[in-house]
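Written out below as structure tokens is the structure these notes cover.
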Amino acid sequence: MMAASELYTKYARVWIPDVEEVWKSAELTKDYRQGDGVLQLQLEDGKELEYKLDPKTNNLPHLRNPDILVGENDLTALSYLHEPAVLHNLKVRFIDSKLIYTYCGIVLVAINPYETLPIYGTDIIYAYSGQNMGDMDPHIFAVAEEAYKQMARDERNQSIIVSGESGAGKTVSAKYAMRYFATVSGSASEANVEEKVLASNPIMESIGNAKTTRNDNSSRFGKYIEIGFDKKYRIIGANMRTYLLEKSRVVFQADEERNYHIFYQLCASAHLPEFKALKLGKANDFHYTKQGRNPVIDGVDDAKEMSTTRNAFTLLGVNESYQLGLFQILASILHLGNVEVKDRDPDSSIIPPNNGHLSVFCELMGVTYQDMSHWLCHKKLKTATETYIKPIPKLQAINARDALAKHIYAKLFNWIVDHVNKALHSTVKQHSFIGVLDIYGFETFEINSFEQFCINYANEKLQQQFNMHVFKLEQEEYMKEQIPWTLIDFYDNQPCINLIEAKMGILDLLDEECKMPKGSDDSWAQKLYNTHLKTCALFEKPRMSNKAFIIQHFADKVEYQCDGFLEKNKDTVNEEQIHVLKASKFDLLVELFRDEEKATSPTGAAPATGGRTRLSVKPDKNKAGQASKEHKKTVGLQFRNSLQLLMETLNATTPHYVRCIKPNDHKYAFTFDPKRAVQQLRACGVLETIRISAAGFPSRWTYQEFFSRYRVLMKQKDVLTDRKMTCKNVLEKLVQDPDKYQFGKTKIFFRAGQVAYLEKLRADKLRAACIRIQKTIRCWLARKKYLRMKHAATTIQRYVRGYQARCLAKFLRRTRAAIIIQKYQRMYVQRTCYKRKQAAALAMQCILRAYMARQLYKALLREHKAIIIQKMVRGWLARQWFKRSLKAIVYLQCCIRRMRAKRELKKLKIEARSVEHFKKLNIGMENKIMQLQRRIDDQNKENRVLSERLNSLEVSHAAESERQRVELTRLRGAEEDAKNNANKVTSLLEELERLRKDLQNTQKEKKAIEDWARTYQDEMEQMISELKEQNHLLKNEKNDLNRLIQEQSQQWTEKMQRALKEETQQLENDLNEERSRYQNLLTEHLRLEEKYDDLKEEITLAVNVPKPGHRRTDSTHSSNESECTYNSEFAESEEGSRGGEDVPKAILDMSLFLKLQKRVSELEQEKQSLQNELDRREEQFQRARARDDEEHKKARSAELEYESLKRQELESENKKLKHDLNEMRQSLRGSAEAGSAAPGSPAYTVLLDQLNASNEELEVRKEEVLILRSQLVSQKEAMQHKETMTEPLPYIEDVQKLTDAKEISQAYMGLKETSRLLESQLQAQRRSHENEVEVLRGELQSVKEENNRQQQLLAQNLQLPPEARIEASLQHEITRLTNENLDLMEQLEKQDKTVRKLKKQLKVFAKKINDLEGGQMDVSPGQTADEPVHPVNIPRREKDFQGMLEYKKEDELKLVKNLILELKPRGVAVNLIPGLPAYILFMCLRHADYINDDQKVRSLLTSVINSIKKILKKRGDDFETVSFWLSNTCRFLHCLKQYSGDEQFMKHNTTKQNDHCLSNFDLAEYRQVLSDLAIQIYQQLIKCMENILQPMIVSGMLEHETIQGVSGVKPTGLRKRTSSIADEGTYTLDSIIRQLNSFHSIMCQHGTDPELIKQVVKQQFYIIGAVTLNNLLLRKDMCSWSKGMQIRYNVSQLEEWLRDKNLMTCGAKETLEPLIQAAQLLQVKKKTDEDAEAICSMCNSLSTAQIVKVLNLYTPVNAFEERVSVLFIRTIQTRLRDRKESPQLLMDTKLIYPVTFPFNPSSLALETIQIPSSLNVGFLTRV
């Protein structure tokens, strides 16, 4: 080891011992230094711990493996190989991944899950078939496949050794191994040997298995089954050996245990009628079945198991009587256990008389009651001189009874084993075998007795063999790699084996003690102590016991109790009881004990091949003298001999080991008990294997794997072109100690722990690189984040500021808008208020002003009147005052003026003296004069105005006076009226009082009415409200109902749509299933046909060649047989087949398939009977030959005369038809010239009459021609028969029919039938004429009705105005003309169609008549009857080639040979047009149809079909050949459809192609036959393609690294290194794509239909996806993230290929969807619930089992990946539990999609096809 300080560093994880968990994981919290006595550890739960090292050894705790190595398939792949690593790896795989199988080097460790797992189906078997053992996940099937493969490869027998303690699953593992062999290899015969081998399991389980405290179905015996194979490695038989049956269980069971299952099955079936005589009851009624007190196993129906057991007996050939005999013996054992023995005295015992159970026992066993009751309580003692009978006490009697029961059961067990071996024995010589050993593992209990001693002895022998085998394999590996071999010290248990079996060993001393008269267990124990206690270190004596001893076995120390050893070794039984049983009348019981006397092996071939228990082992034949004493051999000696034989067998085979582990003692599903597991691992040798491997160089890498894994530890300069030298250089630098590794030829060998050290260096390097990458990436991410944040901040600022500015602008706009709104609002309020006040003021002003105006008016009126008065008064007064004033003024003026004048005068006088004074005075005077003048003018004006007013007043006064007078008069009249009205007031007051009273009454009534109305209104309102509420409720209810109806309608619509969609989908699925079932049926039919052909060839080789002249060919040319042969879908004619096989073939169905084997033997018998019949008929034919010649001549002459008459009649009819045709053409030409041919016109009537008559007559002639044709053909065959009478005749039966005397009368009867047919057709023609008359009458009536309608329309139009009348007439005329035009067009189309049909029929019948005429011309009356009649073909005068090829009948074989059997597809595909053979064959078929030769048509089609089948059988593994004939078969099928004459296939034809249609025969049945043939070819193509692709898929899609460097190489275990098949070259994805390109190009070159290519590609991609996914589900090493990336990339390349080929729509991509989803599942996160939800929605194409399987298998390749937690997987399962899907894990790789052949017409004209000379068909003539 390298320095501990390098490994035991901080954070290193180690394993420390623990009491409960055996080993606990801990982590170092401090580096270890050399010399430290304590390790500082921290447990997984966080607890700190100081681990003290052993001061003596100073051994450090075991290091823990890296996490990426945990859960490996192979324990040897672990870097640290030790017990805790093994235990932890098994636990992780079992608990977390639910994987029960693990490799440990060459050993398969199988842990019992106590739960049914879906990993044993047929699909899993086929997935493992042919695979290398290391390539797939560990499985029992992988071990079985390895054994099967090595048997075939190495020509060496194999053994599978299955061991383990009770309840570990040994029997189930062995059963699955045998099922694998039975499924993969099949059987060499039809006897279903593999089913018989499997059927032996329920039988052996019922009689040898029982419920124990550890296992509900524990095998209480060991068995070794040899499965024999022939040279082709198919199962031919089997043989079983048994070891050490636990007989004591028959008479005793511990608590919670049961007896053997068969007893409880019998009791559960006691109610059956056939078991009534056994007088059984419930299991609790019998002593031997109730001691365990638990007779029922949960989940097991004993009655059902009984039915299974009986069916298995029947399958193995044990008839019903023997079965009832077996059950009778078993029932008697139960009754024997209930026999009660009582004490007579202390030394004797007695059975009470008439004991019921003993009576039943004696009755069932056929013995006398007295003898059996006597010898159950007595024994016979023999001395030298006399014999005497001694009674025995009760205890000895009970023991004797139990011994007898055990002895009977052991005999029965051996008898059943012998008969099983006889049923499985094969008469075919066995070439090799595979043995399956199901044997008990090492056992140790609190009390261990003789059984445990024998079991552990056997395990010691097996362990020794195992150790030697492991040691041998290691040595071979070292020598193969040329590694220096150093002896590895391993545990050798030979001393322990010597202690047991050597001379004076334990068994030898035990046998010696048994021979002693007074030997006892105590004396034997003392001998053991004396012999071995001091001489053997493996033998010990317990301290507290003198009746026990201890042996140190390889697994553990075991203490054995000596009590019962001698008795069990002797296995004695009272011989007198045996004699009583031998004297039984029960034949089966006598047979059981007769076997004891004979002591022969059931196989008679090799000793010890029968059932062997510790009771009896049958001796060799040369020891017949000792046969009578055989049963006295000790059990130990028997077991030692059988064990020695077993070891010899195992040593002569290549062993394979399966170690079964029991995970817990409580049978809990997927519960792991570390204590129990470690105990079993130590006991079964797994840890010893680990120790041996770890002692040398356990880790082994190829140079390429080492380079790929540790390339990161190398520098560029270290990498050389030589990988080996590169690895050496690197290792020398990395590991200093050269002893830690060795370089082999192809591998590097490492000591234990070195890989972990390299992994640590690699992880450190990757971690440093990862840190650097992380640093750079994180810097880059931080910078990018900063720049993004900066940019984001700037952007945010910009947007925020813009937002704020927009908010501010918005605020300002809103503020301004608010102010404006306020302004206008306030203005509006003020304006409104103002207007309101203004209106009020105006109203008040208006009222006030009106009032004031009225007052003013009144005041003005009064003032005016007062003014007038005043005016008058004031005028008078004024005048008076004026007059007085004037006088006074004048007087005053005079006085003043006088006085002034005097003064002025004085002044003037004074001033006069001055000139200026005078000037001023003059100026003033002028002014005053002017003023006075103006005043005078004004006064004058006023005077004039006043005078005018005075005048007006006078006039108005006069008028007013007059008005006053008038008013006075009116008032006086009014006064008179008032006086008159005063008298009326009184009457009016009275009337007013009356009216007031009426008003009061009316008001009262009104009030009452109002009260009533109010009440009524309230009631009405209440009622209306109620009605409204009801109406509202009704409306709501109506709306609810409408909504409900709509919802229901919508729901029903959706439901109907969904149902319709589902129904449509279901119908499509049913159609596909039916199509697939039909195609599978065709495949089965083809397989059985091939098998039938093989059997026929074998029979032909085995039987002598028949006599010359007796060979016949299939008489498919007879006219009578042609009907059934022609109508058969499977009609075929085989060259050289037996002539007796004239039975018409019916359509094959499943019953024929299932009974084909039986049919072969029947056909052999039928062949013999038909051969005898042939001989008899030939003799009759020779005797009747002369008579037949004469009768035939007579019949021939009469028939020829009749044919001549008939020909003349047909000629005349033909001329008449031609004449009618000319008339029709002229009529049509005249119609065309006239422009119309309305119904009822003469031309139309003539044409219609002629067409009908012609059609009817042609139908009549057609029937006549068919009858005549069949008779002519019969005559020709008769003539040919006459000429070829001297050769082997193929048509004997037809000749006999024609030469019969009754044939002539039958011909005339046929003519009478023809006459009657003509009469019936005449009647039909008359009825047709009457119908036509009725039609014409109906047309006349319709014309009348149209005339009446026209008259009515005319009358209506006359009533309309001129413009409307013109428009209506125009519209009506247009409508009428349109209808007439449409009618005429329809009639014209019908006439054209009728004419075309009649032309075609005339042409066909004319040609037939010409052919018949030609045939008649050759047989002239003067011609002898013995001359052969050959049909003379009258060639048609055609200018162009008609697309037909003519060949002679004798050239048919040459045609088929050159065009099918010997044709090279490659030359045809490259140089010639695609489908050329199909075109040529169809052109030949057209000519046979053209000449109306049904025999030639049938013969050609049959030969073509059989030849294609033959070439495909011969070269069916060549893809190019199969593709070529698939393409040509489809083209031939399309030609039959295209030229069939059916309208649905003629849509795309040209006129010329329509002329080339088949004219005489309807080949629809042959189209079906060809379609079935195409299906068979397609399926063969798929199988051929699958065989080519299968080896490439796994390597190219999964294993090869398309993206280099993504997947890391993990350490691999031993299985990967010792692959059973050498590497045949690595396939890559490019290999697959190249192969796909090859397939595609070949099919395109062959002209395969594009739709068919799409179907083939879809099937190819399905196979690729299914195989890849299945391998992914079975390979843990492939389930990683990097592998998911590789798969995704590979799938993308395949999709790219589809795009390049324009095939994306063919559905191929969808077939890869499960694989794509599996790859995505490997890559997605698998932690949270969101991840689980995403996975559930994403993986809709994967089943729940597949999803869970992938998650369980997911394995990290590198340290940075994480495993999927168990909780996450549980979450996925919970979410997907409601899915309804198939529980199948793997996809069905054998699935073939049903194929369809869409019609694909060819545009190629047949007349243009040129036939190359390279095809060697020059004998074909172009027609």
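Each Cβ is built from the backbone N, Cα and C atoms, and glycine gets one as well.
The domain 'Myosin N-terminal SH3-like' feature in TrEMBL is assigned to 9-61. Per-class residue totals from DSSP over the domain 'Myosin N-terminal SH3-like' (9-61), listed helix then strand then coil: 0 helix, 24 strand, 29 coil.
Taking a C-beta cut-off of under 8 Å and a sequence gap of six or more, Gly164 (ATP binding site) has these contacts in its own chain: Ala110, Lys170, Gly441, Arg659, Cys660, Ile661, Lys662, Gln680, Cys684. Per TrEMBL, the feature ATP binding site maps to Gly164, Glu165, Ser166, Gly167, Ala168, Gly169, Lys170, Thr171.
Annotated region 'Disordered' per TrEMBL: 600-631 (among others), in sequence order.
Sequence annotations record features per position, and here TrEMBL assigns coiled coil to 922-1105 (among others).
Per TrEMBL, the feature region 'Disordered' maps to 1106-1142 (among others).
Residues annotated as compositional bias 'Polar residues' in TrEMBL: 1116-1130.
Summarising the annotation, TrEMBL assigns region 'Disordered' to 1168-1200 (among others).
TrEMBL lists 1319-1408 (among others) with the feature coiled coil.
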Taking the binding-site residues one at a time (Ser166, Thr171), which has its Cβ surrounded by the most other Cβ atoms within 10 Å? Thr171
Across the whole of the domain 'Myosin N-terminal SH3-like' (9-61), what does the mean pLDDT come to? Round it, please. 85
For the ATP site built from Gly164, Glu165, Ser166, Gly167, Ala168, Gly169, Lys170, Thr171, further residues of that chain with CB within 8 A of the site's CB center: Asn112, Asn215, Ser218, Ser219, Gly441, Cys660, Lys662
For Gly167, Gly169, Lys170, listed as binding-site residues, tell me which one has the smallest number of other Cβ atoms within 10 Å. Gly167
Under a criterion of Cβ-Cβ distance under 8 Å and sequence separation of at least 6, what residues of the same chain contact Ala168 (ATP binding site)? Ala110, Asn112, Gly441, Cys660, Ile661, Lys662, Gln680
So Glu165 (ATP binding site), by the Cβ count within 10 Å over all chains shown, scores 23
